[in-house]
């Protein structure tokens, strides 16, 4: 009996092996092959292509860095009043004058337009060369951005580094770059038109087109930065069990929008030279609210054409922005957040107060080029940290207890 018990357990095994060898055995239940859903922080590309995706992310950040420098160059070009020195535009780029004859030809072309006739009649050829160089560098840097974007984009596309979503984003980026270049010339063209009839008119580009030009640059920079962070530093999923974290997220996104709006209003300040009126702080002259704030009719015209109103609006938006960022920073000290978001909000708060200091200094010193250029580039730096903060909070969710 004991011998039989020892033999019986092996019978099913022997029988099963025999059936397998005769290709008759089939399992009664087939294993379920459930589709594996990719995690939202994992790339959809195979593991061996992670390096290529990091290269795409570095390319996005590189393009964003070039846009940042283009904004700085554009600000200096505007502050030195160099933007109207080149009166022609070609898609592939203008030829740089090299001989004395070529410089004389360019100077004669410039003399035919309002800025020279009404403002720079005593300008010498050497002075013209300085402003020409500024505008030429700005334009060629813009074309360099186009090349730096287009050549790698073509290579990455052919290699299959882009998924469907990334392809759509890359196409959007390309359209924005093209629109930015066309808007730049459309803006310059407004300063070359014979629309300055009054002897007191100052030949300059349209502040509306300048704002559109700067707004497109900020939007393009934000898109490059957010996509680069997505590829290189994916946001972490974070579950919060209190509503404070969700409120913090909403405030952070509101701060980012307010930063963009404040920078956009700064374009009207630059376009109207509004920083040269009421050079005092916190009052505007002797008043908290200047008497000529609604001098133009209809009233809505004041918000984009009255230098006093434009400066007043920029002041209010700037104070509101730094106040909101300070509130968000204080809120972060009592809220559980993703680890990297603390670095982002600390940096944003520091830059916000630095930006306010630069803005006030620029105003009371009558807009020196160095301070004004630092103030404009500071706005883009502040937007950088706001975008980073929003990126880190992307997957923050509220889970009730």
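These residue numbers are counts, starting from 1, taken along the chain as shown.
Here the Cβ of each residue, glycine as well, is placed from N, Cα and C on the backbone.
Features of the protein shown, as given by TrEMBL:
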{"type": "TRANSMEM", "residues": "59-79", "note": "transmembrane segment"}
{"type": "TRANSMEM", "residues": "140-157", "note": "transmembrane segment"}
{"type": "TRANSMEM", "residues": "169-188", "note": "transmembrane segment"}
{"type": "TRANSMEM", "residues": "208-229", "note": "transmembrane segment"}
{"type": "TRANSMEM", "residues": "250-272", "note": "transmembrane segment"}
{"type": "TRANSMEM", "residues": "312-331", "note": "transmembrane segment"}
{"type": "TRANSMEM", "residues": "343-364", "note": "transmembrane segment"}
{"type": "TRANSMEM", "residues": "370-389", "note": "transmembrane segment"}
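Within the chain carrying the transmembrane segment (312-331), a Cβ under 8 angstroms from the stretch's Cβ atoms is held by residues 244, 247-248, 251-252, 254-255, 258-259, 261-262, 265-266, 268-269, 274, 284, 289-290, 293, 303, 345-346, 348-349, 352-353, 355-356, 359, all 6 or more beyond its ends. Of the recorded ranges 59-79, 140-157, 169-188, 250-272, 343-364, the transmembrane segment (370-389) has the largest number of C-beta contacts under 8 angstroms with 343-364. Sequence-distant contacts of the transmembrane segment (59-79), counting only residues of its own chain at least 6 positions beyond either end whose CB sits under 8 Å from a CB of the stretch, comprise 134-135, 137-138, 141-142, 144-145, 148-149, 152, 156, 173, 210, 213-214, 217-218, 220-221, 224-225, 227-228, 231-232, 270, 367, 369, 372-373, 376-377, 380.
Nonlocal intrachain contacts for the transmembrane segment (169-188), taken as residues 6+ away from its ends with a CB within less than 8 angstroms of a stretch CB, comprise 63, 83-84, 86, 89, 139, 142-143, 145-146, 149-150, 153, 157, 162, 205-206, 209-210, 212-213, 216-217, 219-220, 223-224, 227.
Remote same-chain residues near the transmembrane segment (140-157) are listed as 52, 55-56, 59, 62-63, 66-67, 69-70, 73, 92-93, 167, 170, 173-174, 177-178, 180-181, 184 (criterion: CB distance under 8 Å, separation of at least six residues from the stretch ends).
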